[in-house]
Amino acid sequence: MSDGDYDYLIKFLALGDSGVGKTSVLYQYTDGKFNSKFITTVGIDFREKRVVYRANGPDGAVGRGQRIHLQLWDTAGQERFRSLTTAFFRDAMGFLLLFDLTNEQSFLNVRNWISQLQMHAYCENPDIVLCGNKSDLEDQRAVKEEEARELAEKYGIPYFETSAANGTNISHAIEMLLDLIMKRMERCVDKSWIPEGVVRSNGHTSADQLSEEKEKGLCGC
């Protein structure tokens, strides 16, 4: 796809404590590479990737491909950047929430991150995929898979164990998040409505319509 040759621009935000591997996960997804020497993100950064999304119909048939330009925003996890990070929550349509499988505190802080999303995202029930990262470091694991899955089930969100080092489940997690977003859009009664964080290739957004649809409860917020 050439520049501008897409149906939708969709913004995802990666968030979680500092050091959980947000930058490495996004870099693995967009470039297929792992860099163990990344420095801690300061403020906000982003990466981009073009994909084709094909929805399955009720009869299992694959629908027409939607050309998607993904913007994957990488946020600083440190407390001193928290106000800057939350300012970007409303501009994103989906959230990749990461914790470090070798760091129990980063897992315990997942609840705080979800609370922040519920307060600052485009609605109280945004689309989130939870990722326990660094699954390749099994001998250093501090969080049991059952614990993480139980927490994800409590919030009704998908859970994946990922590794930026070898790429395990990273594409699956982001594809799942994209699928949740596209299905949310399909559920909208007014098909001309596109949520914040989603831009048509003509550059038009619909922030005003978002508030109206949220009040009507049309899109599952």
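Including glycine, each Cβ sits where the backbone N, Cα and C put it.
Taken from Swiss-Prot, the feature GTP binding site applies to 16-24, 74-78, 133-136, 163-165. The annotation disulfide bond is assigned in Swiss-Prot to C123-C188. Positions annotated as S-geranylgeranyl cysteine by Swiss-Prot, on the basis of similarity to another entry: C219, C221. Sequence annotations record features per position, and here Swiss-Prot assigns phosphoserine to S2. The N-acetylserine feature in Swiss-Prot is assigned to S2. Feature annotation from Swiss-Prot assigns cysteine methyl ester to C221. The annotation motif 'Effector region' is assigned in Swiss-Prot to 38-46.
It is K22 that, of the binding-site residues G16, K22, D74, K134, S163, has its Cβ surrounded by the most other Cβ atoms within 10 Å. The number of other CB atoms found within 10 A of the CB of C123 (disulfide bond), across every protein chain shown, is 19. Comparing D74 (GTP binding site) with C123 (disulfide bond), their Cα atoms are 20 Å apart once rounded. Spacing of G16 (GTP binding site) relative to C123 (disulfide bond) is 19 Å (Cα to Cα, whole number). Taking Cα separation as the measure, C123 (disulfide bond) is nearest to K22 of the binding-site residues G19, K22, K134, S163.
The average pLDDT the prediction assigns to the motif 'Effector region' (38-46) is 61.
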